[in-house]
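If you check Swiss-Prot, you get these features:
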- C89, C340, C343, C349: [4Fe-4S] cluster binding site (BINDING)
- 1-11: compositional bias 'Acidic residues' (COMPBIAS)
- 21-32: compositional bias 'Acidic residues' (COMPBIAS)
- 1-52: region 'Disordered' (REGION)
Amino acid sequence: MAETEEEETVSEEASGFSDLSDSELLDLEDTQESSASASKPGPSYELPGKDDKLIRSPKWKRRLDVSSPMERFHLKYLYVTDLSTQNWCEQQMVYGKEFSGFLTPEKSAILDTGASIHLARELEVHDLVSIPITSKEDAWAVKFLNILSMIPTLQSEGRIREFPVFAEVEGVLLVGVIDELHYTASGELELTELKTRGNPVLPSDAQKKKDYFQVSLYKYIFDAMVQGKVTAASLIHHTKLDPEKPLGPSVLRHAQQGGYSVKSLGDLIELVFLSLTLSDLPLIDSLKIEYVHQGTATVLGTEMVAFAEKEVRSKVQHYMTYWMGHREPQGVDVEEAWKCRMCNYADICEWKKSGGLISATLEPQVKKAK
C-alpha cells in the first residue's frame with residue numbers, strides 16, 4: 001500500500017473501532033457499563049485526543065486479587081469483536097476495556113453513521129418490533145425469539161439479517177451477531193459482513209486480515225450451533241441466567257404472538273436448541289465482506305474469505321490464554337508500529353514503554369542463536 005493511502009486509513013483503523021460490528025455495538029456498550037459500575041475508579045488519566053487535545057477519562061484500578069482478565073473486567077462472555085480487535089492490537093483492546101467510557105465525538109459519529117446504514121439494510125429484509133425488557137433473562141429471550149423466527153426463513157432459502165450466534169470456545173462463551181445470511185444462485189449458504197468506511201478507500205491489508213478473522217469466527221460459531229455442539233447447560237453456566245425466571249409480560253406476549261407456548265426462559269432455551277437440532281440447516285459455505293463508504297453508501301469493494309479452520313483455532317487458543325490469565329497482553333511487532341501513530345493510548349502504552357516492539361522482533365533471533 002502506498003504511504004499516502006496508509007496515512008488516510010491509519011487514523012480510522014488505529015482507533016480500534018473500525019472493525020466493530022454495528023450489530024454488536026449496543027450489546028458491547030451494555031457490557032462495558034456493567035463492567036465500569038462494578039470496578040473501582042482510581043485517579044483520572046488524561047488521554048490525548050485529536051489535535052493533541054487532552055480528553056479526561058477514568059483510569060480503572062487494576063485489581064491484583066483476581067486471576068484473569070475475565071474476572072478483572074467482570075465479563076461473563078466475550079464478543080467476536082473482542083477477539084478480532086486482539087488481532088489488530090491486543091494491548092489496545094485491553095486499554096479499550098480499562099477505559100470503557102472513552103469515546104471521542106468523531107468515533108461516536110462514525111459508529112452512529114455505520115449503525116444507520118446497517119439499520120437501513122435490515123429494514124429491507126424485515127420490520128423491527130420494539131419489545132420492552134425488565135431483566136437480563138428478557139434480553140436473552142429476545143435473542144432466542146429472533147433465532148426462532150429466522151430458522152424457517154433459512155430453511156426456505158430466504159435471506160436474514162442480524163442472526164445471534166453463541167458457543168463455548170476454549171472454555172469461554174463467545175457471542176456475536178451475523179450481519180447477513182443468504183443463499184447464492186448455486187444454493188450455497190453465504191455469510192455477508194457489511195463494513196462501513198469513513199474514507200472512500202479500501203482498508204489496509206492489516207485491517208482486512210482482522211476482518212477475515214472476524215467472519216471466520218462467525219462461521220465457526222454458527223456451524224457449531226447447527227451441528228448440535230452448543231449446549232443449553234454451557235450457555236446458562238457462562239451467562240449466569242436463571243432458566244426458571246418467568247418471561248416479562250412484553251416478551252411473553254411477543255412469544256405467544258409467534259405461536260410459541262413458553263412461560264420461562266428455560267422453556268425458550270429448550271425450544272431454541274431443539275429447533276436448531278431438528279432444522280437441518282447447512283453449514284456456511286462462503287464468507288464475503290462488503291466495504292461501503294459511509295458518506296455516499298457506495299460499495300468500495302468486496303472480499304471473499306477462505307475459511308482456514310486450523311488457523312482460526314490456533315489464533316483463538318492464543319488469544320484465550322490472555323483472557324484466562326495465562327499471559328500478559330501483547331502489542332504489535334515493530335513491522336506494524338505504524339498502528340501506534342494514531343492510537344489514543346500510545347502515550348501510556350506499557351508495551352511500548354517496556355520495549356515490547358523491540359523484544360518482539362529480537363526474540364526469534366535469540367532463539368536461532370541458541
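Yeah, the Cβs are placed from backbone N, Cα and C, and that goes for glycine too.
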C349 ([4Fe-4S] cluster binding site) CB neighbourhood, other CB atoms within 10 A: 19
Winner by Cβ contact number (other Cβ atoms within 10 Å) across the binding-site residues C89, C340, C343: C89
Conformational class of C89 ([4Fe-4S] cluster binding site) under the three-state DSSP mapping: helix
